[in-house]
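These notes are about the structure you will find just below.
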């Protein structure tokens with residue numbers, strides 16, 4: 001059984017169809033419930049040095065960062081990637097997808113930076129945004145506490161600035177519908193494969209069992225019932241091979257007596273009942289011709305031409321004497337010799353002289369030889 005044949009067979013079995021549907025529904029439910037999603041909120045904070053209230057330009061905290069203006073450029077790239085920068089680009093009619101690079105010359109681009117970017121995850125969008133705000137407040141409080149504990153006084157405190165405010169949380173994760181469809185299809189296909197394996201195994205088992213049953217003898221299948229003879233059992237169940245005594249069948253064949261299927265074994269004699277038996281194979285039913293066979297037979301019948309008696313080839317007439325047996329020809333010749341010996345004058349019409357009688361005997365002998373040769 002190939003895959004196409006199995007699918008055609010499976011579509012006719014309501015049990016297999018119901019099993020596949022149940023497996024698909026179960027797989028879809030598991031996929032829908034097992035898919036989880038979460039929300040993320042991103043933000044960025046910048047650590048600035050002191051000097052915000054000084055009139056000296058060199059005391060500007062945004063220009064006093066490590067590596068000077070390069071750090072400010074890095075900050076500006078992050079700010080441009082925020083929703084406010086995307087809105088400014090869209091307002092000007094440009095695409096918000098802009099590639100920005102802020103590399104520090106030929107140095108390592110992964111140097112330590114005062115800019116901190118972070119992402120907070122939560123089950124809902126509001127919780128993710130609230131978590132980002134709480135983290136920023138925690139950083140500010142801890143940063144000020146460390147400076148107070150270190151003895152920093154006046155307006156020399158470093159501070160945190162938020163160039164990118166926390167955004168509303170965005171959903172991240174798998175799609176429940178997609179996961180449900182995928183698991184449903186996988187469960188249905190797995191069920192079909194299991195049914196195919198089971199059907200192939202069952203077919204192989206039945207084929208092997210049938211082959212073993214055909215090879216085994218009838219005596220090994222079960223004990224014989226003494227109530228009825230094998231011939232009676234064969235006549236009661238048509239299509240089953242009958243067991244007839246070998247001596248009975250041989251006697252019936254030599255004597256020309258027909259043996260009926262229901263005749264008891266005792267009617268054939270004690271010797272026939274004691275003789276070993278043989279198995280008579282059951283008659284194989286003839287399959288009725290199909291449409292194609294009937295059409296072929298009709299075409300052959302239509303093409304047969306009837307031959308008239310005038311066009312038939314005449315058969316040669318055989319001499320009846322040629323069919324006579326040698327014994328009949330010899331008896332006829334002896335009778336002719338006796339008749340001629342009894343009345344030689346009536347046969348030849350001449351006087352019976354010794355010379356004439358001897359000549360007639362020679363002629364009769366030659367005629368007899370020719371008749372025997374022709375009979376042979």
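Backbone N, Cα and C define each Cβ position, glycine as well.
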Can you dig out which of the ranges 186-209, 210-233, 234-257 TrEMBL describes as region 'Disordered'?
210-233
Between the candidate ranges 157-179, 180-202, 272-294, where does TrEMBL place the transmembrane segment annotation?
180-202
